[in-house]
Amino acid sequence: MRNCAFRIIAVGKVRKGWIQDGLAMYQKRLPGLIITEVRDASMPREAEAIRAALNSNEVLVPLSEEGEALTSVSFAKRLEKYGSQRLAFVIGGADGLSAELKNSTQWQLSLSAMTLPHELARLLLVEQLYRAQTITQGGKYHRS
């Protein structure tokens, strides 16, 4: 896997300090990671804002409880398949993402069968992106 070239588009702001600290730590380790925040609004307006934030060269990957659950190693392999394409992972707000947005993509990702607060989902995703990069590059962070 190439060095990180991912984007996270997330609805809402991170308010918890410990999550902000965790995000800052992983962003230092993933210098190519971009996080874009979209304002909380009605679901159709959020979907509009998410689409407006997307670049034409990005592949949209919504996070959803209906999405595909992968092990960390499987996630790393999946990311490798996308090669140089830039992936834009999307995390919805308290009400999730619109069905139209989720259904317009080729791949949805689930971080857990459980429902997670969107702030925590953001931190978990960033950690898994870092883990995937170290798995692919043979780093010592991931221990099987």
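In case you wondered, yes, glycine gets a Cβ from its N, Cα and C as well.
Feature annotations, courtesy of Swiss-Prot:
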- Leu63, Gly92, Leu111, Ser112, Ala113, Met114, Thr115, Leu116: S-adenosyl-L-methionine binding site (BINDING)
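A simple way to gauge crowding: the CB of Leu63 (S-adenosyl-L-methionine binding site) has 25 other CB atoms within 10 angstroms, across all the protein chains here. Counting only residues at least six positions away in the same chain, the Cβ atoms of Glu65, Ala69 sit under 8 Å from the Cβ of Ala113 (S-adenosyl-L-methionine binding site). Each of the binding-site residues Leu111, Met114, Leu116 was scored by how many other Cβ atoms lie within 10 Å of its Cβ, and the smallest score goes to Met114. In this structure, the binding-site residues Ser112, Thr115 were compared by how many other Cβ atoms lie within 10 Å of their Cβ, and the smallest count belongs to Thr115. In sequence order, Val11, Glu46, Pro62, Leu63, Ser64, His118 are the residues near Gly92 (S-adenosyl-L-methionine binding site), counting only same-chain partners six or more apart with C-beta under 8 A.
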